[in-house]
Structure formats: structure tokens, C-alpha cells
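Enquirer: Take this structure, written in C-alpha cells, and hold onto it; I'll ask about it next.
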Amino acid sequence: MSDNKSTGDSGKLLYCSFCGKSQHEVRKLIAGPSVYVCDECVELCNDIIREEIKEISPKQDQDKLPTPHELRAHLDDYVIGQEKAKKVLSVAVYNHYKRLKNAGPKDGVELGKSNILLIGPTGSGKTLLAETLARFLNVPFTMADATTLTEAGYVGEDVENIIQKLLQKCDYDVEKAQRGIVYIDEIDKISRKSDNPSITRDVSGEGVQQALLKLIEGTIAAVPPQGGRKHPQQEFLQVDTSKILFVCGGAFSGLEKVIEQRSHTGTGIGFGAQVKGEDDKATISDTLMQVEPEDLVKYGLIPEFIGRLPVLATLAELDDAALIQILSEPKNALTKQFAALFEMEDVELEFREDALKAIALKAKTRKTGARGLRSIVEGILLDIMYDLPSTDNVAKVVIDESVVKGESTPILIYENSESQAASAEQ
């Protein structure tokens, strides 16, 4: 019950029954049967309820851990090809979250952490694989670019900033962040320039590898709370990185030469050498499948860093057939995305088979893989997306090979004619 105190001339002054503040000290006072509650107390109650829900939800998520088969099936819906990499990732991710679910040593055996290293050319699906799994598991996901990282104390981004980004993704909920997935791209760019230790300081190469070691293996990272250094009086958040799954990826351009050099050692020189013909030469993707940890050391990664990434998966370069599939088959395929965009204008969008082949050929020529497909399609549809909102009675837009090659404009089919087709005019 609130104590209603008289203010004299102004009558009764109302007070919050919980905190005791008067109606003049708060923005809103909600009245009940002989009880009053202020807006500040309502907000406080909401915060308490939210915190309790957060504590319960991670346990519920753990009970619903998908099997490797289910993880693989979900990846198949969004990622074309890369079958071996999907299987490796599904098993590694399942084992990681199974380890978290059964925390503590099992019969005296402490389960190690299985971070992942993905090797594959640009646009082969490294980032997409990690991101798709994180979305399916409903865990926080963040990306970091290894080329922007430097050792602490130097100009650049500290490795601890990676954990801060992860915390930002889950509104600084430490428990949730500790179940997250971190993808570090361009990991090959921090390789040292030679496999001999350098006497000079390498703050963006070997130095970053050294800085990442503990973070990836598992340590208690001290991260500034929301607001960072602007509020130095606040305590730092303690994040246990041993529960975070780290996935590192890179193109590792030139690694195939290191592998070939190793595999050809001992085949003889001069007249005793085994000369390989054109038919014997393996593709770059086939060569990368034979990668060993010693090849990565020769490439420039330090042995300790490779040891923290025990799960290795190699992704093949996407061929024309795979690129065509990527354009049309996944749940979020580009053609489906743009078809949905055109549907908002009540217009049907059709890509003919020859158009898909021409788009795939363009991406192959640019050597951008699947990553370059969107920019190509955006360029093809730019003019028609500009004109369509101002054009009446268009029922369908058709894209064929000549449109992709820039030889003609998209075919427009109008509502008021069953078979009328006309080129889009500026």
C-alpha cells in the first residue's frame, strides 16, 4: 500500500508502492486497487524477467543438439557442393557442442577443443558454411579479418576485439557469447614470410599468430563492457574462450606448390627423374586435398598455431555446373531472392538456362567464385530495376544469354497482351 501524503493546497501526493518515489519524481505512475507502481519499477521487473529467461534458454538449446546428419542436411539446403567439407564441419561442430553439453571430465578424460581450419579459393563457401551452421544452431556468430589484427600495443585491431564483437552480437550476454562461433578470414595472410624465426618484430604476421594462440585454445579474456574505455570504473567482462568455436579460413594461394614440392621429393633428378605428362598433373583443388600440417608450417604458419586447429577441411574451386546450381537451387538462391524482389512489384522474373550459364562463365572468368555472382546479377538487372517502378502493366521480365552479354535489354511481357514482348526502353 502506498502512503498518500497530503501536499496541502494541491491535495494528495501519490507514491510508488515499491520504491517510494513520488509522482513528481517519475515519468509515469500506474494505479491499481490501492496500489501504485512507477515506470522505473516496471522496467526493473522486465529486466529481472529477461535475465531469468536468458539463464534458462541456453540449457534448452543444449538439449536440442542436432546430429551430424541433421547439420549436413541443413548445409545442403544452402551450400552447393563441398561434400567432404560439409561432413568434416558437421562432425566437428557436433562434437564441440556435445563437449559443452557434457561439461567436465568424462571418466577422468578431459575432452579437447576442436577448432577448424578451412582451406579453399575465394568464393568457395568458407564463410557461408560457418555462418549457416551458426544460424541453424541459433548461436552468436561474428567474423574477423586477420589482416586487420596486430599485436597488443601496436596500431591496429587487438585480438581481444574479436570477442567484443561477439558480445555485441548477443547484447553483451557472456553466457550466450561463450556458446558462439567466430570465423577468422584471410588467416593465410598472417603467415610469416619464411619458415625461419625472424629476429625482427613481425607485428602483423607471426606476432598475430602468437596473440591468437591462447584465444583460440582457451583463455579468460577480459573485455571492456558496453561503452568500453569511456567508463573505466566499470569492471571488465570475463569471457571463457575455451567454449567458443573458432573457424579459420583462407585461400592459401601458392600452397599447392609447397605440397607438390613435398610429394615430388625423392622422385629423382636428372636422368633418374620421373617426368610427368599433362594427364598426370593434378588440379589445384586435388593437390590441396593432400595438405599436411608440415605444408602449412612451410607456408608460414607456426606449428603451435596449426596445433590449435586440429580439424582441417579443404574446399574445391567451384566449376560452372556448381555455380549454375548456386544461382538457382539453394533456399536463398540469388535468382529466388531477385524473383521475390520483383514480386513486390507484382512482376514475375525469369532467368533462362542459357542466361545462368553465361552468368556462371562470367564469374569463372573473374575468378571470384560464388561471391561474384551477386554483383554480376545486380549489374544485369540495374536498368530494369530502375525503370520497372515507373512502368505500367508489366507482367513478366525475362533474362536470356544476350542480356547477360550486354547485347540486348531484358524482355518485357505486358499484362494487356498474351504474347506481346518488347525490349525495355530508357
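Glycine residues also receive a Cβ, built from the backbone N, Cα and C atoms like all the rest.
So Swiss-Prot lists the following for this protein:
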BINDING   C16, C19, C38, C41  Zn(2+) binding site
BINDING   P121, T122, G123, S124, G125, K126, T127, L128  ATP binding site
DOMAIN    4-57  domain 'ClpX-type ZB'
Enquirer: Nearest by CA distance to C38 (Zn(2+) binding site): which of the binding-site residues is it, out of G123, S124, G125, K126, L128?
Expert: L128
Enquirer: Could you measure between G123 (ATP binding site) and C19 (Zn(2+) binding site) for me? Cα positions, answer in whole angstrom.
Expert: 58
Enquirer: Of the binding-site residues C16, C19, C41, which one has its Cα closest to the Cα of G125 (ATP binding site)?
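Expert: It is C41, whose Cα lies nearest.
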Enquirer: Mind giving me a neighbour count for T127 (ATP binding site)? Other Cβ atoms within 10 Å of its Cβ, every protein chain shown.
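Expert: Summing over all protein chains shown, T127 (ATP binding site) has 16 other Cβ atoms within 10 Å.
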Enquirer: Look up T127 (ATP binding site) in the DSSP assignment and reduce it to helix, strand or coil.
Expert: helix
Enquirer: Excluding P121, T122, G123, S124, G125, K126, T127, L128, please set out which residues of the same chain place their CB within 8 Å of the center of the CB atoms of the ATP site, keeping sequence order.
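Expert: Near the ATP site, beyond P121, T122, G123, S124, G125, K126, T127, L128, sit G120, G249, L315, G369, A370, R371.
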Enquirer: May I have the list of same-chain residues other than C16, C19, C38, C41 whose Cβ is within 8 Å of the Cβ centroid of the recorded Zn(2+) site, in sequence order?
Expert: S17, F18, G20, K21, V26, L29, Y36, V37, D39, E40, V42
Enquirer: Find, for the listed binding-site residues C19, C41, L128, the residue with the lowest Cβ contact count at a 10 Å cut-off, counting only other Cβ atoms.
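Expert: Taking C19, C41, L128 as the binding-site residues, the minimal 10 Å Cβ count falls on C19.
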Enquirer: Helix, strand or coil by DSSP: which one applies to C38 (Zn(2+) binding site)?
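Expert: For C38 (Zn(2+) binding site) - judged by DSSP and reduced to three states - the answer is strand.
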Enquirer: So if I draw a 10 Å sphere around the Cβ of P121 (ATP binding site), how many other Cβ atoms end up inside it?
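Expert: Around the Cβ of P121 (ATP binding site), 20 other Cβ atoms lie within 10 Å.
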Enquirer: Which of T122, S124 has the fewest nearby Cβ atoms, counting only those within 10 Å, among these binding-site residues?
Expert: T122
Enquirer: Out of G123, G125, which of these binding-site residues shows the lowest number of other CB atoms within 10 Å of its CB?
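Expert: Counting other Cβ atoms within 10 Å of each of the binding-site residues G123, G125 gives the minimum at G123.
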Enquirer: Could you round the CA separation between P121 (ATP binding site) and C41 (Zn(2+) binding site) to a whole angstrom and send it over?
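Expert: Between the Cα atoms of P121 (ATP binding site) and C41 (Zn(2+) binding site), the distance comes to 55 Å.
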